[in-house]
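**Student:** According to TrEMBL, the active site annotation covers K174. Residues or ranges marked as NAD(+) binding site by TrEMBL: 5-33, 68-69, N73, T99, K249. Taken from TrEMBL, the feature domain '6-phosphogluconate dehydrogenase NADP-binding' applies to 7-165. TrEMBL lists 168-294 with the feature domain '3-hydroxyisobutyrate dehydrogenase-like NAD-binding'.
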Amino acid sequence: MASKTPVGFIGLGNMGNPMAKNLVKHGYPVVAYDVFPEACKEFQDSGAQVMDSPADVAERADRIITMLPSSPNAVEVYTGANGILKKVKKGSLLIDSSTIDPAVSKEIAKAVEKMGAVFMDAPVSGGVGAARAGNLTFMVGGVEQEFDAAKELLTCMGSNVIYCGEVGTGQAAKICNNMLLAISMIGTAEAMNLGIRLGLDPKLLAKILNMSSGRCWSSDTYNPVPGVMEGVPSANNYQGGFGTTLMAKDLGLAQITATNTKTPVPLGSLAHQIYRMMCAKGYALKDFSAVFQFLREEENL
């Protein structure tokens, strides 16, 4: 009967929406909240309970997953005036799948622990497509004895659930992954753009790259050039997917942690600046693969 007890889900954006739907598909009654009421509408229409605040979700469910855009959003949802901790039950399991500063995850974990509940950070990789398909990768940080309880829920939404260590280590793994992803996406966009300028057909070039040593996820699964692949944001005017502003945010987190640990990340720093420039030039809400379009427009400057 454990699977039939309600699960709270807070944050029904591009990623949270399909994640929550996969919980419903696996038979979990979902108690949902989002700061934007329209995001909750389709859940309400399908019979899910929609609450007025994170605190109300905590009153109804003792297992809650949060999927939020940034560190300040996470702090507000957990510790704000109408936050989860206002009505959290002792023994509750709180799983945050947002990508935030590892230090913030640790601070939230301390506040949760004081209330007699358990906090785990479990950021995801795979993007919107993987969220829909239920094959995300979860990187989990927290008390190891609670990992199996978290895994029961996370395997409904992901095909890989990996324990990384204490609270904050899930975030650390995610930040490293996204820094590499940003660098590889820029590299793929540069290589594709150069090849096109040299007269190569983009589909042919992508095929060659993907059977050669330059192959990466950005080239073979999420190609940034319109017309090369179906079902990716570049095929839909860079709509949906993982927004440029979110990639800039994650690269900012990488910069903070690199500074704190005195770690040289020259390419990560440059990627951060490129994505910040894109945000300033109107790309903020487009998928981060729009760096290809950005480079095409900037190439004559």
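Backbone N, Cα and C define each Cβ position, glycine as well.
Predicted automatically and left uncurated, TrEMBL annotations should be read as such.
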**Student:** What are the sequence-distant neighbours of A20 (NAD(+) binding site), meaning same chain, six or more residues apart, C-beta distance under 8 angstroms?
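**Tutor:** Looking at Cβ-Cβ distances below 8 Å from A20 (NAD(+) binding site), excluding near sequence neighbours, one finds F9, L12, V30, A32, F43, A48, I65.
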**Student:** If I take the alpha carbons of I10 (NAD(+) binding site) and the residue listed as 'active site', what is the distance between them in whole Å?
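**Tutor:** About 20 Å separates the two Cα atoms.
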**Student:** Pull the DSSP breakdown for the domain '3-hydroxyisobutyrate dehydrogenase-like NAD-binding' (168-294) and write it out as helix, strand, coil residue counts.
**Tutor:** 88 helix, 2 strand, 37 coil
**Student:** Take the C-alpha atoms of K25 (NAD(+) binding site) and the residue listed as 'active site' and report the distance between them in angstrom, rounded.
**Tutor:** 26
**Student:** Between I10, M15, V30, which of the binding-site residues has the fewest other CB atoms within 10 angstroms in the structure shown?
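**Tutor:** Result for the binding-site residues I10, M15, V30: minimum number of other Cβ atoms within 10 Å at V30.
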**Student:** Applying a 10 Å Cβ distance cut-off over all chains shown, what neighbour count does K25 (NAD(+) binding site) have?
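**Tutor:** Looking across every protein chain shown, the total is 11.
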**Student:** How many other Cβ atoms sit within 10 Å of the Cβ of K174 (active site)?
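**Tutor:** A 10 Å sphere around the Cβ of K174 (active site) contains 28 other Cβ atoms.
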**Student:** Using the alpha carbons only, what distance in Å do you get between T5 (NAD(+) binding site) and the residue listed as 'active site' once rounded?
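**Tutor:** One finds 30 Å between the Cα atoms of these residues.
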**Student:** Around T5 (NAD(+) binding site), how many other C-beta atoms are within 10 angstroms of its C-beta?
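**Tutor:** Neighbour count, Cβ to Cβ under the 10 Å cut-off: 11.
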**Student:** With an 8 Å cut-off on Cβ-Cβ distance and a minimum sequence separation of at least 6, pull the same-chain contacts of P69 (NAD(+) binding site), or say none.
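**Tutor:** G11, G13, S98, L246, K249 - these are the non-local Cβ neighbours of P69 (NAD(+) binding site), listed in sequence order.
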